[in-house]
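Annotated features, as they stand in Swiss-Prot:
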| type | residues | note |
| --- | --- | --- |
| DISULFID | Cys24-Cys45 | disulfide bond |
| DISULFID | Cys27-Cys37 | disulfide bond |
| DISULFID | Cys38-Cys72 | disulfide bond |
| DISULFID | Cys76-Cys90 | disulfide bond |
| DISULFID | Cys91-Cys96 | disulfide bond |
| SIGNAL | 1-21 | signal peptide |
| SITE | Lys58, Lys59 | site 'Plays a crucial role in mAChR-binding activity' |
Amino acid sequence: MKTLLLTLVVVTIICLDLGYTEMCNMCVRPYPFMSSCCPEGQDRCYKSYWVNENGKQKKYHGKYPVILERGCVTACTGPGSGSIYNLYTCCPTNRCGSSSTSG
């Protein structure tokens, strides 16, 4: 019984990873989405959008932002970084990267 309990505790700790590993949704244009652990040192998730000449996110059928890429980065350079037609936004949560327009 003690062995079983010890095994369950060890498996739980390994599976939970003690909450230190960031998981980011990865996107291969345009789909499928998959969650993947970020490499060591890259602890922020980001989303990359297409933007128009005014810096506004381009929408698909007027509803959803066109997300080009999602992944892990070492540090965020701040909202709105990237080129004139490509906007990078860091996400505030683990496994972020849904189709919502908020970071």
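Note: Cβ is positioned from N, Cα and C throughout, glycine not excepted.
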Among the disulfide-bonded residues Cys37, Cys45, Cys72, which residue has the fewest other Cβ atoms within 10 Å of its own Cβ? Cys37
For the disulfide-bonded residues Cys76, Cys91, which Cβ has the most other Cβ atoms within 10 Å, all shown protein chains included? Cys91
Separation of alpha carbons, Cys45 (disulfide bond) and Cys38 (disulfide bond) (Å): 8
Cα-Cα, Cys45 (disulfide bond) versus Cys37 (disulfide bond), nearest Å, comes out at 10
Please report how many Å separate the Cα atom of Cys90 (disulfide bond) from that of Cys72 (disulfide bond), as a whole number. 9
